[in-house]
Structure formats: structure tokens, C-alpha cells
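**Q** Sharing a structure with you now.
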């Protein structure tokens, strides 16, 4: 999965997919009542990027829905996975469940169209704080009460705080999560970061009793870093330059080992060689 980083305006969806992304990451900011409000990152952000592009969250979802619904004039067949980077650190811990509930309602109405031919992309809820695990339970409960528990088949999870992997496992246990787990590792492109924790996550993914299904590394803008991440065995790379990742994937060392994921590739299944 080539994951376009910080795609917060509808116009950027086409821009990143046309550069080779089959996945995008979108920032979600919340108001003080835990309502998802804007697709917005803010300052500071990655070096070389504008930090302030935004849409109202529900408006962005409507644009995203069009981009991921076959038959729509804006349909982008290659776009199969969306990571919502939930900026829940602005909330009190006891608001996490409410944030999950409100996020689910928003997606249900504006993206899934209440289960009536909505967008088809798989969704990852990426949470920055292990203490906010109730965001997951609130989200799940709401889809159930609204009569659409089947949509949870399209939803996966990530804790993005670079926490100790054992602690991440405990948070999932509390949330009742037993699958659909993506594990991120990374840092802004302005700073270097080693691959030690990525390797730990990959080892967990590939062990018989691991809880991780997929591992992605962020934010990667250079060919050399891309090669390092691929050598470590990641499933996804988040980038500001999807075309850079695509070029490396076409190199002889990688083209026989990796390919770009399509809609037929289940993002919740651990890949077995």
C-alpha cells in the first residue's frame, strides 16, 4: 500500500492517486464536544508541505465517497484504503467513546450512505493515544445500534503513538479487538528514525501468536529510506511523494517481491509468503 500522506482537501485525492497512491491518510480534528470537525493537520507539519489545507469533515467524506464508488464520475479504482489520523489528543480521555460514536455516525451518513451503495474503501481508524481505546468501542457500538454492524468488516485499527508493542496489545485487549490491526511506526519527514521498532512489529506480525496483521512506516520521501522499509518487510509506506515509492517498487530487487495492492487484497489478512 502506497499511502498518500496528509490528504485533507478533496482536490488532493485525485492528485495523490494520480501519482501512484492506492491509499490516503487524512487528518481529522475534533471540536470540544468530540464531534469530528475538519480534515486538518495544522502547523507544524512535514517539511515541504502546506499544513493548512482543510475541508469540513462531512464534506470531505462526501468527496471521498464519490472517489471510491464504482460508476461515479469521480471514481478512482485504485484507491482502496483510507487511514483517518484521528487528532484525538485535543480531547479529554473520557471523551474518546463519544468521539468514536460521532465519527461512526458521520461515516455512516456521509461515506457509507447508510449502507446504500456508499464508498467501498477499507478504513483504518488511527488513534494517537492508547488511553483512547474506547474510541473503538464507541464506534463499534454505534454501527450496531444504527443497524449496520456488517460495516465493521471494512474497518481496521492503528495506534500511532510509537508505543511499546506489548502496551499496544493490552489496549486492543481492553477494546475487544482481535483482528484488522495495522501497526504504524514513524516520524515526520523532517527527522530521521531507525527501523528497530518496525522490525519488532514485523516480527510480531509474522509470529504464530502475534496480534498485528499489517505494518506501515511513515513518512518516507526518499528512495534510500523506501528501500530500507521494504527490506524490513513492511506492508505499507506513507509518503508525500507516491511516485518515489512507485519507482523503487519497480526496481529489479523489489518488483518480484512486492506489488501494489488492489481492492481484491484483504488489508486485514496477514500476508503469507
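Residue numbering: from 1, along the chain as shown.
Placed from the backbone N, Cα and C atoms, the Cβ positions cover glycine too.
What you see is a predicted model, and the numbers here were worked out from it, not measured in a lab.
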**Q** If Swiss-Prot gives 25, 27 as binding Mg(2+), which of 85, 93, 98, 158 does it give for that site as well?
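**A** Mg(2+) site check in Swiss-Prot: besides 25, 27, the record includes 85 out of 85, 93, 98, 158.
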**Q** Which whole-number value in Å describes the distance between the Cα atoms of residue 190 (disulfide bond) and residue 51 (disulfide bond)?
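**A** Checking the Cα atoms of residue 190 (disulfide bond) and residue 51 (disulfide bond) gives a distance of 14 Å.
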**Q** Who sits close to residue 85 (Mg(2+) binding site): which same-chain residues at least 6 apart have their Cβ under 8 Å from its Cβ?
**A** 25, 26, 27, 28, 126, 128, 160
**Q** Looking only at Cβ atoms, how many others are within 10 Å of the one on residue 190 (disulfide bond)?
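**A** Taking every protein chain into account, the count is 11.
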**Q** I want to verify one value. Collapsing DSSP to three states, which class is residue 85 (Mg(2+) binding site)?
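**A** DSSP assigns residue 85 (Mg(2+) binding site) to strand.
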**Q** How long is the line from the C-alpha of residue 41 (active site, nucleophile) to the C-alpha of residue 51 (disulfide bond), rounded to the nearest angstrom?
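**A** Approximately 6 Å lies between the Cα of residue 41 (active site, nucleophile) and that of residue 51 (disulfide bond).
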**Q** Between the Cα atoms of residue 45 (disulfide bond) and residue 5 (active site), find the distance and write it as a whole number of Å.
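**A** Rounded to a whole number, the Cα-Cα distance is 11 Å.
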